[in-house]
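Colleague: For reference, TrEMBL lists these features for the protein:
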DOMAIN    41-292  domain 'G-protein coupled receptors family 1 profile'
TRANSMEM  28-49  transmembrane segment
TRANSMEM  61-82  transmembrane segment
TRANSMEM  102-120  transmembrane segment
TRANSMEM  140-157  transmembrane segment
TRANSMEM  209-228  transmembrane segment
TRANSMEM  240-262  transmembrane segment
TRANSMEM  274-294  transmembrane segment
Amino acid sequence: MGFSNWTTAQEFIFSAFPCSWGDSVICFIPLLFIYAFIIIGNLVIITVVQLNAHLHTPMYFFISALSFLEIWYTTATIPKMLSSLLSERRSITLNGCVLQMYFFHSTGISEVCLLTAMAFDRYLAICSPLHYPTIMTSRLCAQLTLGCCVCGFLTPLPEIAWISTLPFCGSNHLEHIFCDFLPVLRLACTDTHTIVMIQVVDIVHAVEIITAVMLIFMSYVGIVAVILRIRSAEGRRKAFSTCVSHLTVFLLFFGSVALMYLRFSATYSLFWDTAIALAFAVLSPFFNPIIYSLRNKEIKEAIKKHIGQAGILIGKSRNLP
């Protein structure tokens with residue numbers, strides 16, 4: 001059957017949100033708090049890194065770049081989730097859905113690439129400490145970050161361009177909390193071509209995730225090998241402490257992403273689909289500012305210093321006549 005004989009739906013309706021108003025409000029309040037915390041927390045990290053000269057190092061440059069991406073990664077989906085929770089008609093236009101998928105995946109892939117670059121940075125810092133300052137220059141940091149963003153924003157373009165040409169007939173109820181490839185593809189007028197392309201999309205996602213995981217894994221194999229050769233326990237602790245935050249973020253983010261995009265033909269219930277989506281789209285970005293601030297002594301001290309300075313300024317302004 002040809003595509004020209006089908007009519008295309010102009011909007012999708014999210015059907016994974018709670019049906020009752022009370023349940024929607026209960027979900028809305030913590031989600032609003034989480035989103036506000038993500039935005040404020042990441043802005044604080046970016047500002048603190050910019051204001052403190054001793055934090056102008058490759059590691060903190062990458063952390064602030066990751067915080068910047070996290071803001072846009074969550075902004076691609078959470079504001080629409082919030083408005084859908086308080087709306088009677090939880091709909092999104094076809095063009096809006098395509099744009100949401102593009103920005104969600106482009107910022108997500110950029111983060112994957114950046115986490116890989118951060119693993120490379122830690123590998124150089126620990127395995128080649130003498131050559132590290134001459135190799136990991138500010139110019140190389142900027143080039144790596146730009147390369148991560150270019151890769152992130154180019155990689156999903158073919159999938160997005162293909163999906164935007166598909167006809168959608170029948171039900172327009174999207175069984176998800178935001179637009180994502182597989183839930184949207186399930187609503188396409190299915191034929192053999194579409195089924196094959198769904199499998200191709202699965203393979204593309206698998207290659208992206210496995211490549212990043214393997215690169216990060218090899219970096220940490222080298223790091224662990226060097227740390228184990230350090231004779232003093234204090235030296236080993238210090239060396240490993242510089243990697244703990246990155247390793248925690250990596251496991252949290254990639255664990256939930258792998259559950260969603262490495263399942264191939266396996267299917268989950270709507271509940272588990274939603275839970276896994278919330279894990280990598282909401283909870284992982286929520287924990288990142290906590291991990292990078294509470295587990296990082298230098299950022300903690302810088303934040304305390306600026307809070308103290310702000311308190312002194314407020315106190316002085318109150319004492320003015």
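The backbone N, Cα and C atoms fix where each Cβ goes, glycine too.
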Colleague: Does the chain bring the transmembrane segment (61-82) near the transmembrane segment (209-228), so that three or more CB pairs sit under 8 Å (pairs 6 or more apart in sequence)?
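Modeller: The answer is no, given that the two segments have fewer than 3 Cβ pairs within the 8 Å cut-off.
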Colleague: So, do the transmembrane segment (140-157) and the transmembrane segment (209-228) meet, by the test of 3 or more Cβ pairs under 8 Å (sequence gap 6 or more)?
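Modeller: Between the transmembrane segment (209-228) and the transmembrane segment (140-157), which are separate recorded stretches, there is no contact, as judged by 3 or more close Cβ pairs.
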Colleague: Does the transmembrane segment (28-49) come near the transmembrane segment (274-294), with 3+ Cβ pairs under 8 Å (pairs 6 or more apart)?
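Modeller: These two stretches do touch.
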Colleague: Short question: which residues 6 or more past the ends of the transmembrane segment (102-120) have a Cβ under 8 Å from it?
Modeller: 59, 62-63, 65-66, 69-70, 72-73, 76-77, 144-145, 147-149, 151-153, 155-157, 159-160, 178-181, 208-209, 212, 215-216, 219-220, 246, 249-250, 253-254, 257, 281
Colleague: Are there residues at least six beyond either end of the transmembrane segment (240-262) with Cβ under 8 Å to its Cβ atoms? List them, or say none.
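Modeller: For the transmembrane segment (240-262), the nonlocal Cβ contacts are 59, 66, 108, 111-112, 115, 118-119, 122, 125-126, 202, 205-206, 209-210, 212-213, 216, 220, 223, 227, 276-277, 279-280, 283-284, 287-288, 291-292, 295-296.
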Colleague: Which value does the mean pLDDT take for the domain 'G-protein coupled receptors family 1 profile' (41-292) in this predicted structure?
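Modeller: That stretch averages a pLDDT of 88.
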